[in-house]
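Student: Pulled these from Swiss-Prot:
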| type | residues | note |
| --- | --- | --- |
| REGION | 1-50 | region 'Disordered' |
| COMPBIAS | 12-25 | compositional bias 'Low complexity' |
| COMPBIAS | 26-50 | compositional bias 'Polar residues' |
| BINDING | Phe133, Gly134, Ser135, Asp146, Ile147, Asp148, Asp200, Lys262, Tyr271, Gly280, Val281 | ATP binding site |
| BINDING | Asp146, Asp148, Asp200 | Mg(2+) 2 binding site |
| BINDING | Asp146, Asp148 | Mg(2+) 1 binding site |
| REGION | 529-760 | region 'Disordered' |
| COMPBIAS | 530-540 | compositional bias 'Basic and acidic residues' |
| COMPBIAS | 572-655 | compositional bias 'Low complexity' |
| COMPBIAS | 656-665 | compositional bias 'Polar residues' |
| COMPBIAS | 666-706 | compositional bias 'Low complexity' |
| COMPBIAS | 707-735 | compositional bias 'Polar residues' |
| COMPBIAS | 736-760 | compositional bias 'Low complexity' |
| COMPBIAS | 785-794 | compositional bias 'Low complexity' |
| REGION | 785-809 | region 'Disordered' |
Amino acid sequence: MNKNGGPPVANITTSSTTITSTTTTQAKSQLPSSLSVNNLHTTQGSTDQPTILGVTEPISTAPPSSIDFKLSTELENTLISFNLFESPEESRKREEILGKLNQIVREWAKQVSLKKGYPEQTASEVVAKIFTFGSYRLGVHGPGSDIDTLCVGPKHIMRSDFFDDLSDILKVHPEITEFTTVKDAFVPVITMVFSGIPIDLIYAKLALTAIPEELNDLIDESFLKNIDEKSILSLNGCRVTDQILKLVPNIPNFRMALRCIKLWAIRRGIYSNILGFLGGVSWALLTARICQLYPNSAPSTIIHRFFKVYEIWKWPAPILLCHIQEGGILGPKVWNPKRDKAHLMPIITPAYPSMNSTYNVSKSTLQLMKSEFVRGAEITRKIETGECTWKNLLEKCDFFTRYSFYIEIDCYSMNEEDSRKWEGWIESKLRFLISNLESTPKMKFAVPYPKGFTNNLHKANNPDQICTSFFMGLSFNFSNTPGADKSVDLTKAVTEFTGIIKDWLRTQPNPDTMDIKVQYIKKKQLPAFVKDEGPEEPVKTTKKRSSTGEPSATRKKLKSENSDNKLNSPKSPITTNINSTPTTSTPTTTANTTTNTTTATTTTTTTTVPITSTPTSNISSPTMNSTELTTPTSTSTTTSNDSITTPPTTTTINSVQPPSAQPTENGSSTSNSPTSTSINNTALPPNPTTNSESTIETTITLPTTLESQTSTLKDSNEISTNGTAVATEPTITSPSVNINESSTSTSTTTTTTVTEQQIQTAPTTATPINKTIVNTMEVNELSFISSSSETSQSKPPPKKPTISIIRGN
């Protein structure tokens, strides 16, 4: 039996001479005694331990109290209820799979040696070995989690041999499925599923003629000499994992706390290294540092101190488990606070060469993690006083109700192999889109959701197509000053992102089978398959008395009846699409008032832009007709489907000044004093004094000239006899679009599909500007007269916020 209660496996090393495997059990009665809360104070890290771990002395060495043990027992039971501990059968299965994989790489090393001219006897002595790292090595893996593995080979076996010869062996193995190679990754990797267990396999070439059979760890820095940079990066995973286990004072307590922290990060939507949050290693380093500061504390105390410390941590002050070891002139680069001062949240790995494990963190993701630290600190304080439970800490996030606007990125492919490559490539580049969006004026935050979704909404039209969707929440920072500029141009952010995607697509053998579509959507337009990812949005209800005085049945409150008067006019999202056909939509809206009647026709046009493997150079710039936006006074009612509420928040983003309108007796809305828009970024409780919020409506139009013709906002607010303003609802009037004809205004509405052939043959009616197609999205809100105003003069309406996205061809 190994240290964790599982059987040892021959020929499998896990980079440690003291711990050879990391397995846990599922049921509480099956947990090994070393992980039992009742034995936490008797294991490594007792109160008389003189060793000081870390770069500073501990904050407290006090032993756990009886309350700490009680809370730790409750924590353990909560983690078991989330099925975080795998069964002994699955643990044995993992060990068996690792044994098979180890035997495969040994045989592969022999074959490569024979092919390169080594004698039979010498080739038989040349071995390759498998090491584990990551969550499996740390002992915090759960059912269905993957195993991070490292293959170490001698100096004559190249990385090309690993990705060619070994790949050929693995892909035809009967127990291996979903085989994929990612050669151009930061750390080149082979991913596969071996008998139902996901495995990531990387390779490192050591400067040795043969790998010793007795090699059990890779801590010795001599292994880093005379090897390539990719091998150093590959070795770093095992070396960091070993160092973490050596630098924590109590391994069982560390594991229990880390399991909770990882589950919390996943459920709160902040677990993803590739998208700018933190990965498993970074969360382990943060937890290990708290264990150093409180070496004798129980897991429940460690978790509370975790949030308490990082709630007030002054980023970018680095997190260090040990002092950084400087490298020589010719040695590998080591993290330097002066050279790497642009890093926002440095968490430094303890093994030489020290690196920042969080270089992908962005302004938006850091802000969200900070708010989650604050939330966690508040809840854990209440857990200690009995006001909350551990399940309150582990509640799902409200990402899909938190923001008013989202970007949806759909990745299309025609087979599983292409889907894994295409989806992985796009996901790995989303951080560049985030960075570009953050640098856009008026953009405050662009927050990704760290998970892709299988999207089957297209199956009716193309059942063979595979689609994965990613989402980002957007927050804008508009000024409340009347007349202030409220336009946002996302041209650069989007075109640079699509350019990176197309560059890779051109290198693929079948680029025509892989598409991407980007949509800018409102919260109420989110697809149904994301609804299970968080708490349901509350539905406001009201009781209306009948003419007899009896209360009628409860129903959804209409928008026109809401106290905050969220005026909505559903529009279609802007899309950049490959090989899709838009539908024709001709909605007509008629708005009547007591003083005038206005009829407006709305045209919504979707542009379809193919992204092909070869660039086009003869694309003429489209033209644009003037688009008029008229805002008539309206007494029309809004359907209950538009009654979307905004989740509570403590982080507000000043936007335009929306109205706070009350319904009149005839059904129209009268406005009160304007208030600022709150766009939620956290799930914290709202300010109880704030009782009004607004929904920014999105309107998509396709302008067809590049002349100085702009949309006009006509304020038709009507003043009632009592001096209050009557709420008006915007109506969009858009011209028809034909890319092959001169643009003229028309009263009919049409939808044009812009194909690659049409773009190439379109006449040039204006000077080409970057050879792009322009899609303009208008976010409209109204300005109202304060009900307390002494005069009937209305204030100048603020400029409408417009978000322009220019898609490259």
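Heads up, the Cβ atoms here are built off N, Cα and C, so glycines get one too.
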Student: Could you state the CA-to-CA distance between Phe133 (ATP binding site) and Asp148 (Mg(2+) 2 binding site) to the nearest Å?
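Tutor: Asp148 (Mg(2+) 2 binding site) has its Cα 5 Å from the Cα of Phe133 (ATP binding site).
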Student: Look up Val281 (ATP binding site) in the DSSP assignment and reduce it to helix, strand or coil.
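Tutor: Going by the DSSP assignment, Val281 (ATP binding site) falls within a helical segment, counted as helix.
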Student: Given the Mg(2+) 2 site residues Asp146, Asp148, Asp200, which other residues of that chain have a Cβ within 8 Å of the mean position of their Cβ atoms, reported in sequence order?
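Tutor: Filtered neighbour residues, in order: Gly134, Tyr136, Ile147, Thr149, Thr191, Pro198, Ile199, Leu201.
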Student: Among all the protein chains here, how many other CB atoms are within 10 A of the CB of Asp148 (Mg(2+) 2 binding site)?
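Tutor: The Cβ of Asp148 (Mg(2+) 2 binding site) has 24 Cβ neighbours within 10 Å.
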Student: Secondary structure at Ser135 (ATP binding site) (DSSP, helix/strand/coil)?
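Tutor: Helix, per DSSP.
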Student: List nothing but the one residue from Phe133, Tyr271 whose Cβ has the fewest other Cβ atoms within 10 Å; the candidates are the binding-site residues.
Tutor: Tyr271
Student: With every protein chain in view, what's the tally of Cβ atoms within 10 Å of the Cβ of Val281 (ATP binding site), excluding that atom itself?
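Tutor: Its Cβ has 23 other Cβ atoms within 10 Å.
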Student: Which residues does Ile147 (ATP binding site) neighbour through Cβ under 8 Å, counting only same-chain ones at least six apart?
Tutor: Arg94, Ile97, Leu98, Thr132, Gly134, Tyr136, His141, Ile197, Pro198, Ile199, Asp200
Student: Which whole number of Å gives the largest C-alpha distance between any two of Phe133, Gly134, Ser135, Asp146, Ile147, Asp148, Asp200, Lys262, Tyr271, Gly280, Val281, the residues noted as binding ATP?
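Tutor: Between the most distant Cα atoms of the ATP site, 19 Å.
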Student: If you measure C-alpha to C-alpha, which of Ser135, Tyr271, Val281 (binding-site residues) come within 10 angstroms of Asp148 (Mg(2+) 2 binding site)?
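Tutor: Cα filter at 10 Å returns Ser135.
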